[in-house]
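Novice: Dropping the structure in here first, questions after.
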Amino acid sequence: MSRSRFRGRITGWYLMASSSGEKLDWCGCGRPPRIVVLGAPDKLNVSSAWKRLRPTIQSHAELIAADFEFTYDFSDKEVDLVIVIGGDGSILQSARQMGENQTPVLGINCGRLGFLAALSPEDFLDAWPKVCQGDFSIIRHLMLEVQLIRDDEVIAQSMALNEAAILNGPPFAILDIDLYADGELATQYRCDGLIVATPVGSTAHNLSAGGPILRRQLQAIVISPISPHTLTYRPLVDSADTRLELAVTEPNESTSIVVDGRILGQLKSGDRVRVHRAPVSFEMLRVPGQNDYRTLREKLGWSGRLALRQL
């Protein structure tokens, strides 16, 4: 059975004609999956991977759009699956792009590390026909909602898949950061910055700051100070349902709240940052053979003894 659809060209992205080969039953719906493909526009390896993978993708699915500028509006149409070609940065961008319209994501790694975009193009070619027949599981990952509050008004907000971080700026004086948990003062940090990370983000900036790695399915957050003035300030794991509020007593001129690597806003004296569980989760497809410990072994070199190079 074959089908084709053409819906024209929209600024920033292209709706593609697509055809399905054999009719696949997507999760009992009696039809092939409807998919959107996302990728970084400036990566040559993304473009070459798309050219290579496109025939296989379209042979089993209905391609709604191929968007390499991250402008597709996910509120317009029902989409079953998003394929992201790139690295973990592209996965984070896709989470921002979908907003409250989160759709299951399958990541193909064309970047360097690839914690989230775990499948190589070769692995994808093997897994894709099985995925289209329902041989996968969906893992729901915690997301955070971050709000910058000034004069009791929310002036900026965003959702985070990795982390929200208060980061220092020139003249790089040490910061005094008050942390409130569920309305109660938890502690007062003296440090260069503070990270609130999800389990997904625990292997990012949090790990570099000495924080623990959390299993991705955990409903928890980790709060990690950056270069704390006192060694007794250690990373803290708390429930994902805890509502946090952060306040910097005297921020520097460039002190900012940064969400998944993007500046949400610069902080002024009296500002507060609220961090709590987002109303939606980020959904990732997991194919057979994937698991957290395998990813850690392969990506962090937890494979056993390191071979010593002969001098």
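Using the three backbone atoms N, Cα and C, a Cβ is placed for every residue, glycine included.
Per Swiss-Prot, NAD(+) binding site is recorded for D88, G89, N162, E163, R190, D192, V200, T203, A204, H205, N206, L207, S208. Here Swiss-Prot flags D88 as active site, proton acceptor, drawing on sequence analysis.
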Novice: Rounding to the nearest whole angstrom, report the longest C-alpha distance spanning D88, G89, N162, E163, R190, D192, V200, T203, A204, H205, N206, L207, S208, listed for NAD(+).
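Specialist: Spelled out: the longest distance between any two Cα atoms in D88, G89, N162, E163, R190, D192, V200, T203, A204, H205, N206, L207, S208 is 31 Å.
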Novice: I'd like the Cβ neighbour count for V200 (NAD(+) binding site), meaning other Cβ atoms within 10 Å of its Cβ, all protein chains included.
Specialist: 25
Novice: When a 10 Å sphere is centred on the Cβ of R190 (NAD(+) binding site), how many other Cβ atoms does it contain?
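Specialist: Counting Cβ neighbours of R190 (NAD(+) binding site) within 10 Å gives 15.
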Novice: When DSSP states are folded down to helix, strand and coil, where does R190 (NAD(+) binding site) land?
Specialist: strand
Novice: Which of N162, N206, S208 has the fewest nearby Cβ atoms, counting only those within 10 Å, among these binding-site residues?
Specialist: S208
Novice: What are the sequence-distant neighbours of D88 (NAD(+) binding site), meaning same chain, six or more residues apart, C-beta distance under 8 angstroms?
Specialist: G107, G111, L113, G114, F115, L116, A117
Novice: Which residues, sitting 6 or more apart from A204 (NAD(+) binding site) on the same chain, put a CB under 8 Å from its CB?
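Specialist: Spatial neighbours, sequence-distant, of A204 (NAD(+) binding site): N162, E163, A197.
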